[in-house]
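Shown next, in structure tokens, is the structure this report addresses.
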């Protein structure tokens, strides 16, 4: 027994000696290891002043008739300032001047009044604005306190054209990592397939900056919140329950004259079709509303009921579209069928139906709905199909769209549909789009910074790789009352937003004189530049906009209005009563330089308070200038005005951003109210799901959550905020004299501990 105890003691001593020996060896190894280590510079975003000049190439569609085969290239407005710090202090834009006229000299009242104090975004106050704005543009601020980089013998070299571009950008090439250089060397400078005009990342950035600085040329006017009412005609029989319910109303469109686009005078009435449904329910169906032509009174609107009856279900919904009058007096409706049955994620299809109406002393009623059928589900080449989407990669981040058909009739009787979609296999989504230089659209510094920013942010890069928004066009065939689509009449897109955005909603073409104006509602949060969305949400409290393009031809040649495409931008927080969206432009009879802008007001789900339902907004005037610019005018109407006349203007609707003003744009209690983005977006359509970022730090709480495919599904964020980057080094620092001394001391301490006899160390499990 004594021998055994002695043996055990000797064994413990042996372990201690072994630990001492190993620790001594560790001193030598640690010193050599530290001396051999090199530091990889981290890359962060910093603010940089960038002046960009952009040229938009508007290419002809592939499948156009021979008479349409021409290229139109137009210069965008130059001099877009992209320094957010400076733009936040500016209420004006140094772009082209607005043509003044005696009649229309009034301008929108939206100015530079601070609004950030009115906003709380998911618990995070906007006082961090300056800190966040410092992280927008310049990707190359060196965070390494030692300023060291890899030796030239270890560095990969830039090659070819990208080398010159990086040098021109003013970026220190020595600060680039090998991974960054390898990615830059993969940049694709080839010409794009001819898929119409590009909405570039630089355009998206400029749109965001205009929104953030609340540029008065583009900002939606402030409305007097105390004047806003729910719609009387929204108290009606619900399409799903068959019972009288209080409904909300949002996306709406008038029945229009097929040639002029004016709101049709249909036997003395104006007709509007609208999406309606119960608050906080998965209830999305379309109804017919009517009022006497030229009647400006909101309370006079009446509801003719659900177009497709009262046995509707949440699984089969109708979304927005357009409508015109046929030669026989019937109404041709174009709309979106949305199928969410059997687990589908918004299987959208373009559809049409023929409506025959009765008009008598009791008003307007629906006599019959005939020839209801789907006319287009995508062709796979020009436009993505649901099967391509559902079988694709990164589906949890992808956003499938094929909706919002807008009908246009040419003078020769040919009818076309313009619609929201995603690009097909001819120019498809994918990681290769992030390498396509034409998608960036800015100067060298902007392009390089943002290219590397994608590869430093897994979330934005993943979104960019699936972003493939498109505004499409096709030609209709067959009888007016029962149209069809031939595959040969499916043209390539008018506008694409590959890598930039996955969603450009509700396209609307208005012909004014000899020009075609193409508009679309969108959100910065559907784009792939997360920083600009977060900043917009902090400064303004919302990120919605309307973009626009102009061409001399219906089927090709569109160039962005105002240089970047920005036409309208949000001006108040999304949870205020006076927040607006789903903008729709209507031509004004007798006015070739003005359009009437309609919208819905108050986001769905009672986000502005109990009983404050989504309703029609007051309309306002958009000035069209001869130099392809636009200006918002402070000419407001009652709610629900679709036909502008001499009695339409109502100055009592003009609001103010002053908190205690009697015409404040905010209701009592809205100023400084917490913005719950889950609730704001809970009725949107995007099925994105968040992905855990592959970084060691804890992500911040997302400020811009996405929307689910169905309104009753619990909401998750669409664009999680970029996680806070670690300020500590993730690798061993490059050794200096102090580092060597520190390593020696640590090794000596380890030796002492080993000699003392930490025998238990040998029992620890290794972490594999």
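Glycine is no exception: its Cβ is also placed from the backbone N, Cα and C atoms.
Computed from a predicted structure; not experimentally measured.
Straight from Swiss-Prot, the features:
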type    : residues                          : note
BINDING : 250, 251, 320, 403, 404, 503, 523 : sucrose binding site
BINDING : 398, 429, 468, 502                : Ca(2+) binding site
MOTIF   : 732-736                           : motif 'LPXTG sorting signal'
SIGNAL  : 1-36                              : signal peptide
Candidates 250, 251, 320, 403, 404, 523 (binding-site residues) with Cα within 10 Å of residue 468 (Ca(2+) binding site): none
Shortest C-alpha distance to residue 523 (sucrose binding site) - which of the binding-site residues 398, 429, 502: 502
Cβ-Cβ distance under 8 Å to residue 320 (sucrose binding site), same chain, at least six residues away: 251, 252, 253, 275, 286, 335, 336, 403, 404, 506, 582
Model confidence over the motif 'LPXTG sorting signal' (732-736) (mean pLDDT, whole number): 32
Distance from residue 503 (sucrose binding site) back to residue 398 (Ca(2+) binding site), taken between C-alpha atoms, in Å: 10
Binding-site residues listed as 251, 404, least Cβ neighbours within 10 Å: 251
Lowest local Cβ density (other Cβ within 10 Å) among binding-site residues: 398, 502, 503: 503
Per DSSP, three-state class assigned to residue 404 (sucrose binding site): strand
Alpha-carbon spacing, residue 502 (Ca(2+) binding site) to residue 250 (sucrose binding site), which is rounded to whole Å: 21
Close in space, distant in sequence - residue 429 (Ca(2+) binding site), Cβ under 8 Å, 6 or more apart: 384, 392, 398, 422, 423, 465, 466, 467, 468, 498
